[in-house]
Amino acid sequence: MIRSNMVPPPMNVPVKPSAAIAAVPDTPLYEAGKTVYPQSVKGRFRTVKWVLMAVFLGIYYLLPFVRWDRGPNSPDQAVLVDIPNTRFYFFFIELWPQEVYYFTGLLVIAAMVLFLMNAVAGRVWCGYACPQTVWTDLFYAVERWIEGDRRERMKKAKAGLTARRVGELTLKHGIWLLIAWWTGGAWVLYFADAPTLVKDLATFEAPMVAYACIGVLTFTTYTLAGHMREQVCIYMCPWPRIQAALTDEWALNVTYRYDRGEPRTSTKKAADLRALGAKAGDCVDCLQCVAVCPTGVDIRDGAQLGCIQCGLCIDACDAVMAKVGRPSGLIAYDNDVNIERRLSGEAPVYRFVRARTLIYTGIIALVGLVMLYTLSTRTMVDVNVLHDRNPLFVSLSDGSVRNAYTVRFLNKRSDLRTFELSVAGVPIPVVHVIGEEPGSRTIVAVGPDQTREVRVLVTVPPAARIEKSNGITFTVRDVDSGDTATATDHFFGP
Amino acid sequence: MAKEDIDAVTGTATTGHEWDGIKELNNPLPRWWLWTFYASIVWAVLYWIAYPAWPLVSSYTSGLLGYSSRANVAADMAALQALRGEKGAALAKAELVDIEKDPALLAFARAQGRAAFGDNCAPCHGTGATGSKGYPNLNDDDWLWGGTLEAIHQTLQFGIRSGHANARENLMPAFGKDGTLKKDEIVQVASYVRSLAGLPVPQGVNLEAGKKLFADNCTVCHGDDAKGNPELGAPNLTDRIWLYGSDQEAVVETITNSRAGVMPAWADRLDPVTVKALAVYVHTLGGGR
């Protein structure tokens, strides 16, 4: 670093080499990460976190094995991303690549739900539902089970390697790798028939890409949840930065109520002070809130980037408050507005109905309704048309004009269907589907859950007067059910 | 070794070299740079051993790995054949007329045909098979030698005036060059022929004389109704499609000096399956009968 008070030495004066080295910056640019040893804790929020962890991991690991009957020609896996056949199945929903906008809708809803959660209760996603939090929590549980609680782990980390220590570490990393491997293994099950793939994986007959995916995810899970932990939240994740810009003063956060806690004193001194009628803070400076924190922050410093708002410090503090005979809730879901109000003697108010919560809810409802509507009115037949680029039109020997199109039929039903193709927009069009008998009705059969591409020639007789470019409409009608779909294109003339 | 000479201004040792009071500072190459340099020399030597490298008098050092770009091409071609696999075999077996009835086979044949067309046919017929003067448009319904699948397949295999034993051959006489018809007679025939297609005729031309000359000289091949004969490759003169242009000069030129376009025989150049795919592709462009 160049400091502003540093001037280059005059050229004619010899300078000792050490003078250049003297200009070292005062503070280091790199700070080594401190290992966090969260202490175990019991309480409301810890229980909520255990339950949510069980639910989320249960869904993730077991969902691929849930079956859903879709008839004879479709897979019976409830949730399946079928890449070779380009289909996505989610219980009663089946999506084709053309319908990728449903995912856009889902992503919009996901973002808005995240924003809404943030407007109501801050980083509740980070604290309870984020996979990084859930898996890190699981890995900490394994670590605690093998190596003991905070103090023991800190002691063992400082002590040298004994045979017992090596055994513990081997066991810990072994279990971590096992969980990580299972995590990767569950991931690939969403992309193929799960029971079959499990069998193939076990007998080493699964495709290479499955093993590669499991390998990559094993590595990332083991690294992120076992080794990087809170550093992912603090250094890698964009959400804390975005969240800070999105939040407002009404959002509930895990808050140290400094109006109650300050000044910090020991239990005894506080009792003495109170006996004299003086003000004493409830915080006994026991540092339990810091000890249990999975990201190693001190919540008493206020809302901060490192705090994932998991509520474990609330549990820790409430336990201490119970012991020292003070009311619980020194740390609680609260906000600075209410701390200020309490300081000035007013009653706290909580406002959940605010412009931003209403707007987020409105957008969620709107996008959800649009998706629901399109999903319920989703057609089971579709048609795409592509005009020949070269030539745009052909003049025939009798003066007729012909245009050629590639027409793709989409049959989204799981049975074979026949469609009738008709054309409108130009006078007296003669339609010929290559491969079908000319002159016959333009009937095209499309297999179950398939698309079929045909070459279609549309000819207009010489008597017909047509423009250089004419709008043309292709209509596809299911002969049996009467379902129709249309596509528009152009018919070019000389 | 003598005591190191330290340059006073920079504090760096010198090499001891001095020219007119200018000293050379000793700033050796960084270690990592040197090691990278040595490693690249080792790499180069290993490369000479592993890959083709040094030219010899009549050949070259082929390298231990046996790499050869020619062998790669052969392997790619074999891989292509393997890729076509079942469908390619099915196409080879299928009768021409049956291909278009099987959607999967038709799609495969058209895809292979389109690629082969781009490689082999587009230089004359154009990428969209629209042709140009002297090179037929393959999208329309006017065919000199017939537009059925069989006829197209035959033309593709053996060509037109290609020199192949089975090539399609015909001869339009050069009436002017051979002296069979005089200049004004040629103008009369040309005008008559154009009138058959509904095209305007120059003023003062005796169409009756043209009609008689046509009947005497042209109907053998082009037919009494001038609608041509695909057996002989004689074009229909009454329609709106003119391979060499429909204006008076072009028709006069055709009658005076004749026309004889050439289409190569592809049976000798392409494998039978590709020729078959090409026939299907051209037939399904739209003009096929």
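The chain as shown is numbered from 1 upward.
The backbone N, Cα and C atoms fix where each Cβ goes, and this holds for glycine too.
Owing to the predicted nature of the structure, the values given are computational and were not obtained by experimental measurement.
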B:C218, B:C221, B:H222 bind heme c 2 in TrEMBL, but which of B:M77, B:M172 does that record place at the same site? B:M172
Cα-to-Cα gap, B:C218 (heme c 2 binding site) vs B:M263 (heme c 1 binding site), nearest whole Å: 24
Here the 10 Å Cβ neighbour count for B:C218 (heme c 2 binding site) comes out at 21
Sort B:C124 (heme c 1 binding site) into helix, strand or coil using the DSSP assignment. helix
Given a Cβ distance threshold of under 8 angstroms, which distant residues of the chain, six or more beyond its ends, lie next to the transmembrane segment (B:32-50)? 61, 63-65, 67
Applying the rule Cβ within 8 Å of the centroid of the Cβ atoms of B:M172, B:C218, B:C221, B:H222, what extra residues of the same chain belong around the heme c 2 site? B:N217, B:T219, B:V220, B:G228, B:A234
To test your reading of the heme c 1 site: which residues beyond B:C121, B:C124, B:H125, B:M263, same chain only, put their Cβ within 8 Å of the Cβ centroid of those residues? B:N120, B:A122, B:P123, B:G131, B:Y135, B:L138
Have a look around B:M263 (heme c 1 binding site) and count the other CB atoms within 10 A of its CB, chains all included. 21
What Cα-Cα separation, expressed in whole Å, is found between B:M263 (heme c 1 binding site) and B:H222 (heme c 2 binding site)? 21
